[in-house]
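Peer 1: Please read through the structure below; I'll follow up with questions.
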């Protein structure tokens with residue numbers, strides 16, 4: 001019975017270690033997925049920025065070509081300045097959008113990671129409590145087993161003492177009977 005309890009404890013400890021390994025693997029997979037999502041979001045924002053820059057360059061080129069056909073040099077300068085300002089504004093807006101997307105992705109990943117860590121800590125605490133409870137139960141069972149052994153030893157000693165007492169009483173009775181027989185024989189002159 002005691003060996004069976006030890007085997008059960010070992011099996012429960014092995015299951016506990018297997019659960020921890022699975023949790024660690026899940027965490028690693030989630031971190032890899034979050035990193036890939038962040039990279040995809042940043043790449044998408046950069047691609048949008050490049051597309052906007054290309055569109056602005058096309059607009060600027062069209063403005064410059066239309067302004068070259070104009071006879072007035074002042075009109076050409078105004079068109080070029082307007083195109084450059086529009087390009088700069090669009091680039092700044094695209095950069096701001098990319099930064100905001102990256103910040104949002106990072107915050108979401110951090111929040112999810114924190115939640116997973118809290119869940120893992122909670123599971124570890126529960127497993128630790130269960131392990132402590134099992135250890136206490138095992139100690140109690142060991143103490144009970146020792147107490148039973150001590151009781152059996154005491155009973156065995158008591159039985160031996162009782163047998164010794166009975167043997168002693170029988171010897172005393174035999175001695176008394178022999179003395180009585182001797183006295184009777186002596187009284188009759190035998």
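Think of each number as a place in line: the chain as shown, counted from 1.
The backbone N, Cα and C atoms fix where each Cβ goes, and this holds for glycine too.
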Peer 1: Which is it, of 1-35, 36-70, that TrEMBL names as region 'Disordered'?
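Peer 2: That would be 1-35, the stretch labelled region 'Disordered' in TrEMBL.
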Peer 1: What else in the chain is close to the compositional bias 'Low complexity' (21-35), if you only count residues 6 or more beyond its ends and a Cβ gap under 8 Å?
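Peer 2: Here the qualifying positions are 109, 112-113, 116, 120, 123.
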